[in-house]
């Protein structure tokens, strides 16, 4: 329970820091970026009901997406150790990779290269690529250090458990059983680190896209975004849900992680609605803040999708033992990336 409380506190801290970082975006728009609101699609009165519909729809689809893998163990052909689950997981990993490359990274490039920003330094240095690269390296460091700390803790706990009578009674078992148990324990630790780091990156991204939807009063844009984001959140939730399932958390912690994933985008929309009268998405502060957050999120998502999800599975024993399964999983990952690429037209 203490671990769950600690995890909840970390999530709340992330949301608070994002909100604090975005709040300065309430700033004056440069004259060269001011536009007359003559577009017939811009209607604040009509936009509000659409935003409320978006909150409910995204909340429901996000919950369905992230919870579906958690109940898959009760469906025989979707068991976590089966081939079908592996194919579905690769599909979901492809979605996360597509999100990083086709949604988050281009948005950051567009924001940080905006004409509303000063030439020096924003147009003279590729900040998006630099921040995404740095974010990927920081994610690697966090991934490595967290795994080391968890492993040391597990070894210490295992050393204490060896003094108990129950462990002594099974000391006559073959050494290979102990090695197998140790390997499974290390793999479980990796799954738990992956699940936590991945959720962190997704939450940052989800709050930002929710803020953008909540702040806009363009009804034409909102209508397209609702459908696109529902699909986006549902499939992204499947990827995260698969990681949470393999991490073998307690039921309470599984629900907490699923809940925070499901509510972050709706919370971002609520924040955007609250700031819609004063938030200017083309103000320099808003462009810089959201652009840098997107770059950080892109680097994290791309690293997690390629290194911890796809590479780990393709180099694992199950896929290495079957060329046919490798081809199927590669096709599934490609399909996930392709689907997110198509959605990039609307969101």
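Yeah, the Cβs are placed from backbone N, Cα and C, and that goes for glycine too.
Feature annotations, courtesy of TrEMBL:
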SIGNAL    1-27  signal peptide
TRANSMEM  51-72  transmembrane segment
TRANSMEM  84-105  transmembrane segment
TRANSMEM  125-146  transmembrane segment
TRANSMEM  193-213  transmembrane segment
TRANSMEM  257-279  transmembrane segment
TRANSMEM  285-306  transmembrane segment
TRANSMEM  327-346  transmembrane segment
Closest-packing stretch to the transmembrane segment (51-72), where packing means Cβ pairs under 8 Å, from 84-105, 125-146, 193-213, 257-279:
257-279
Looking at 84-105, 193-213, 257-279, which one has the highest count of Cβ pairs under 8 angstroms to the transmembrane segment (327-346)?
84-105
Can you say which of 84-105, 125-146, 193-213, 285-306 has the most Cβ pairs under 8 Å with the transmembrane segment (257-279)?
193-213
Which of 84-105, 193-213, 285-306 has the most Cβ pairs closer than 8 Å to the transmembrane segment (125-146)?
285-306
Where else in the chain does the transmembrane segment (193-213) make close Cβ contacts, counting only residues six or more beyond its ends and a cut-off under 8 Å?
7, 11, 14-15, 18-19, 22, 51, 54, 58, 96, 99, 104, 139, 142-143, 146-147, 150, 222, 225, 229, 233, 236, 239-240, 243-244, 246-247, 249, 257, 260-261, 264-272, 275, 279, 281, 290, 293-294, 296-297, 300-301, 304, 308-309, 347
